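Please read the structure below before turning to the comments.
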Amino acid sequence: MSKMEVKTSLLDNMIGVGDMVLLEPLSEDSFIENLRKRFDHNEIYTYIGSVVISMNPYRSLPIFTPEKVEEYRNRNFYELSPHIYALADEAYRSLRDQDKDQCILITGESGAGKTEASKLVMSYVAAVCGKGQEVNKVKEQLLQSNPVLEAFGNAKTVRNDNSSRFGKYMDIEFDFKGDPLGGVISNYLLEKSRVVKQPRGERNFHVFYQLLSGASDDTLKKLKLDRDFSKYNYLSLDSAVVNGLDDAANFRTVRNAMQIVGFMEDEVQSVLELVAAVLKLGDIEFKPESRCNGTDESRIKDKNDLKEMCELLGIEQSVLERAFSYRTVEARLEKVSTTLNVAQAYYARDALAKNLYSRLFSWLVTRINESIKAQTKARHKVMGVLDIYGFEIFEDNSFEQFIINYCNEKLQQIFIELTLREEQEEYVREGIEWTNIEYFNNAIICDLIENHQNGILAMLDEECLRPGTVTDETFLDKLNTICAEHQHFESRLSKNSKFLTDHSLPHNCFRIQHYAGKVLYRAEGFVDKNNDLLYRDLSQAMYKANHSLIKQLFPEGNPAKVNLKRPPTAGFQFRASVGTLMKNLQTKNPNYIRCIKPNDKKASHIFTDSLVCHQVRYLGLMENVRVRRAGYAFRQAYEPCLERYKMLCKRTWPHWRGPAREGVEVLMADLPVPAEEFSYGRSKIFIRNPRTLFFLEERRRQCLQDLATLIQKIYRGWKCRSHFLLLKKSQIVVAAWYRRYAQEKKYQKIKSATTVVQSYTRGWQARKLLRELKYQKRCEEAVTTISAFWHGTQARMELRRLKQEARNKHAVTVIWAYWQGTKARRELRTLKEEARRKHAVAVIWAYWQGLKVRREYRKFFRANAGKKIYDFTIQRIMQKYFLGLKSTMPSVSPIDKSWPANPYRFLDGVHTELRRIFHLWRCKKYRSQFTEEKKAVYEEKLEASEIFKDKKALYPSSVSQPFKGDYLEISKNPKYQKLHSAVDEKVLLADVVNKINRANGKGTARIFLLTKKSVVLADQKTGQVKASVPLPDLASVSVSTQSDGFFALRLKEGSASAVKGDFLLSSDHLIEIITKLHRTGATAADSEQLDIDISDEFLLQFKHDKVCVKFIQGAPKNGNSVSCKRKNNRLLEVSVPTTA
């Protein structure tokens, strides 16, 4: 924040009262009303001195942004409006700068926002502390420990969807610079009874639902789990799904957080196996079985869940089965084995589940501590954050509420002690006389509970440890005997209860007067829950497991370390933990956050007075205010006090040159405030009554108004003077500019006139010179023209002479050429005549020589001459035939039926065979150009021709239409994505057909899918599958001979698909659908040849009735479309329009 930025004080722009110490008048009603007023204006934080009251808004508010973090960073606690960041910053700066260990105590009931408040404190500290790779890693590990602990320790309750079912105290360790080094987490009292039983409307711990919702199928298969919540007895079903809670996404967050914290992959797998084992454990059920000696024992009903659990944990099934059926009691050197009845077996099962889960949770905390602990051994600064249950008052309060309220009594005790001690120390430090403050000391209540001899916990432990029959009734009798006269204890038999008129106190209950009010506890279950027994047989069975983590969780099961000493009770352990916690807190400077829930509906903008009043009472907030106001209600350092109120005195306004304390003394002496209302400390002024502070604030407000008026007057005068001076300056500038403008205009006018005169003079001179030049030019042009005419005449005369001479030369050339040509032609004729004579002589000589040869050799050729001449003739004819056929060959198109005529009759056979061979060759060449898809289409067309040609009137119109198959593009269309994923096989045909209603003959649109194995009918709008018929269940397909698109799928009798009867459908692509059905049925290995029945009348089986479908020709109706009507119970009539 810059130095010039205006700071907002706690007292500025205040909605209600920001600090309850200043509330006037102070009463419970005014306290509640002040909280309501601030809550309605989204002010969810209010102070009680240094204590922060936090109201849960149940919605996101823009007050936790990085800008807000920077706004509250390194600021005084009361400098800005109340905020949790102010407390976090005060605690962090005290730790860093003053070397004081801090603790932040966050209390409140379930749903009040304790967990969120602890996250905000940790995120603020992480944001304002140092940066660096190692520091960022530590901060990330500290922050990521929260999702892991929330998954295993939080659950959905009727009051809160993310309720912490355990107490958590985290010590964050810092170095001398204030950078985090690591941390240590302590957990208190995990509500392990929730593992086996949850109240109505609540859930088990989050991790069970996250595992089943978010784990992959492979992981669930390894863990032998199913996603269905209803299969597990330990998971409540009425609240399994929570609005606004994404269990699958949270599971991924938890896995990532465990990886960041430092869990190894095998450790994560081991943890998940234990969680799965707890779920499996809840499904183990028992049945009674009588023995021959008359005693009852238990046996496991279904051993499958036991087997799977044993496989997960690596335990022999027989060992665990025996541990659920028998109990071994050891006394010195004797061992006695007794059978367990059904009730005891269920108790043992639930005890094992609770112990297994609670020990797993403790192991997780220990494992996280190993990862986040500080690595250096030097002394560290520590900030503790305590997020623990608030005071609980339910309709039915049991052992858990008793020890929770005991813990809150101890926290209230230390709160009062530390608050009074802090007040006293400040008074002593400032030199103010300390007066004793009367307040209610709840030490008597703490002593009633924790006294080592006569305390309730001590008596409960004594009852649990003594031999003989121990019940909750004997425990209550003991309380009535020992605590009967205690003023904070009531029961039917105690002297403090008026049992004759108080019917709200049952016989099996007792009541304790806590600091927050009276709480009625039901004694039932106190002894069992305090004992928290786990049979030694089960511990030893767990120790025998091959699972690495199980051995660590059950060390008492080691036979080599058998300890006959009874383990400590739950109450003893919790009392020891609380004692350690109190000692730890007393060594640190405390900071308090009191969380309040505004309503039980988890809704924003709702403020329930009675609920808030109840929480104010049991949190002791009114008591806190009274303690704070018992001395001086308000205190402030001298510098900020003088800075704030110096305008109230003329001697201190506007500047005080001396020490701040003297200035404050002068200021207070000048004001009409009684001297007993304030006191001067060494560095602060103390104001006794809030009315005095409000009087100062009111005087300051009036003074600020007067000062604002004075400032406005001075400002307006300055503004008017400045405006006048500006106008005066502007007038001088405007006059100067005008004079300049006038002179420039006059100069421009003179310059313009001069330019005009000059232009006229220059124009006259130019025109005169032009006239002279024009005359000179005309004279030169006349001379040139005369000379040109003379030269032209001479040239023409010379040209005529040359032309006459050329004509004479040409005539001589032509005559010579004609003469030479005549001579050449005469010579040519002479040469040709001579050549003809020579050729004739050569021909006559050749014929003569041939005649002589033939006469000489005629006798040798008479025997073979005929055959050779015939062969030669035939060869020449064939050669001529093929050459002629080559030149008249038709085109290579298979549909071209033309062929050259046969010129020779004896070649008719050859001519026909050549025509056939050529046709086969060009067909083969044409087929070689086809793709596999095109071949399949032509094969389907060919098969359609074989099925429907001359049988179905619709066939000729379908010949030119290509078979497309997937008319809906079902694999690409996102509308049918769900339907496409539901069909496993490849879709051969997808089209919209009309399913004919057997009742009225009307059609309903359906999606028709054909695969290699089945026919599927689905709803066109939703894509939901309505019917699926395997191809082997199809007996035949029936169609008419006319031009309609109706076809019937007739199913085999007795098949699973024939329950609802046959299907009557209509389609615009009937020929393609029937053809593909016929081809698919023929190629399927497990189906017979599909019969195609083409007839205008056939029978269909509709459920239990047989209906005749009859096709008739009629006049066109309804736009020349086919209509179907039901005539009676046995006849459906389809009217097909007559085609022209």
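Cβ from N, Cα, C; glycine included.
Copied over from TrEMBL, here are the features:
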BINDING   Gly108, Glu109, Ser110, Gly111, Ala112, Gly113, Lys114, Thr115  ATP binding site
DOMAIN    15-701  domain 'Myosin motor'
DOMAIN    952-1138  domain 'TH1'
REGION    578-600  region 'Actin-binding'
Residues in the region 'Actin-binding' (578-600) grouped by DSSP into helix, strand and remaining coil: 9 helix, 8 strand, 6 coil
Output field, ATP shell: CB within 8 Å of site CB centroid, site Gly108, Glu109, Ser110, Gly111, Ala112, Gly113, Lys114, Thr115 dropped: Asn56, Asn160, Ser163, Gly390, Cys595, Lys597
Least surrounded among the binding-site residues, given as Ser110, Thr115, when other CB atoms within 10 Å are counted: Ser110
Cβ atoms near Gly111 (ATP binding site) (within 10 Å, other residues, all chains): 22
All-chain count of other Cβ atoms within 10 Å of Gly113 (ATP binding site): 23
Cβ neighbours of Ala112 (ATP binding site) where a neighbour is any other Cβ within 10 Å: 24
Proximal but sequence-remote residues of the same chain as Lys114 (ATP binding site) (Cβ under 8 Å, at least 6 apart): Ile106, Thr107, Gly108, Ser164, Asp387, Ile388, Gly390, Cys595
All-chain count of other Cβ atoms within 10 Å of Gly108 (ATP binding site): 25
Average model confidence [pLDDT] within the region 'Actin-binding' (578-600): 87
Which same-chain residues, if any, lie at least 6 apart from Glu109 (ATP binding site) yet have Cβ under 8 Å of it: Arg159, Tyr389, Gly390, Phe391, Glu392, Cys595, Lys597, Gln615
